[in-house]
Amino acid sequence: MKRAMTIRRARTRELVSVYAMVGIPYLLFMTFVLFPLLWILRYAFYDYDGIRSSYVGFDNFRVLLHDEVWWKAVGNTLVLTFGSLAIGIPLALVFAVILNGRIKGKIFFRSALYFPVLISAAIVGLIFRILLAPDTGIVNALLLSSGLIEKPLYVLASPLAALTTLILIEVWQGLGYNMTLMLAGLQRIPSELYEAAIIDGANERQKLAYITIPQLGPMLQTIMMLSVLNGLKIFDLVNVLTRGQPNHGSETMVTYIFNYFFEMEGYRAQQGYAASASVAAFLVISLVALLYFRLSRKLADYD
């Protein structure tokens, strides 16, 4: 009898442990993911200002589709995402290959390149906003004192300059993370492959093209996927550094949603409209992710 009760208690404890391990993550998912998504999906069809709401059907989506600022935000998001990807991935690969070799001080250089990853995007935006300020910024002060320029540079005064600056900062901050992942991949490549290539007379460029890059293929796909998804969600850096200006020239999908949801300067609080923009942003991100996965699969089949 006592043995049966002991076994029953042990099974009860096991069941409680199982339900806790499954139930707690499920509860967190329901609270912080599913319920907010359902809330957004519902209010996308309402004219809702945080207090009053009225059903408007697809009117929010019709207004969104005819809003030039929204399409500008979509275009800017794609430019920022793929611009930083096109520059950042090759640059990270170059640094990874160099710092994977036998050079002095490589631990220092690895740490120095990784350090920006540890700084939040909002702090990075604030730092560069101070550095690039036309009147009080250190960059303009150095250029003026050295005689390289006669008037202060308004780096963020045009949409092209603002987007270019954001791309370069994104590349700088993400370089160390991508480089570290590539270093991990490089260290898993068998040294015998390089030794055989040397015997066959291959030079450094040929070893990079025919051994390093193909062997890093799966790692590069993962890095590119993470970079694309993070780029499509860019917010902190833009919101602090440019606030989507000038003339919405650096507006992104997330800053557009944020401005309408929280009634920022020049915007009227329209949580329902912001919800519809969130749904549209989700569709854009899903479409880009789908195209990326299909392209990756085709490239894998080609290899």
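Each Cβ is built from the backbone N, Cα and C atoms, and glycine gets one as well.
Same-chain neighbours of the transmembrane segment (21-45): 53, 55-58, 60-61, 271-272, 275-276, 278-279, counting only residues six or more beyond its ends whose CB sits under 8 Å from a CB of the stretch. Residues annotated as transmembrane segment in TrEMBL: 21-45 (among others).
Sequence annotations record features per position, and here TrEMBL assigns domain 'ABC transmembrane type-1' to 74-292.
Sequence-remote contacts of a segment are chain residues at least 6 beyond its ends whose Cβ falls under 8 Å from one of its Cβ atoms, and for the transmembrane segment (78-99) they are 106, 109-110, 113, 163, 166-168, 170-171, 174-175, 178-179, 182-183, 186, 208, 212-213, 216, 220, 223-224, 227-228, 231-232, 234, 238, 252, 288. As annotated by TrEMBL, transmembrane segment applies to 78-99 (among others).
Residues or ranges marked as transmembrane segment by TrEMBL: 111-132 (among others). Sequence-distant neighbours of the transmembrane segment (111-132) (same chain, 6+ residues past either end, Cβ-Cβ under 8 Å): 95, 99, 138-140, 155-156, 165, 169, 172-177, 179-180, 235-241.
According to TrEMBL, the feature transmembrane segment maps to 152-172 (among others).
If you look up TrEMBL, you'll see 273-293 (among others) marked as transmembrane segment. Same-chain neighbours of the transmembrane segment (273-293): 39-48, 60-61, 63-64, 70, 74, 77-78, 81, 224-225, 228-229, 232-233, 253-254, 256-258, 260-261, counting only residues six or more beyond its ends whose CB sits under 8 Å from a CB of the stretch.
Tertiary proximity for the transmembrane segment (152-172) is limited to same-chain residues at least six positions away from its ends with a CB under 8 Å from its CB atoms, namely 76, 79-80, 83-84, 87-88, 91, 116, 124-125, 128, 132, 134-135, 137, 139-140, 143-144, 231, 234, 237-238, 241-242, 245-247, 249-250.
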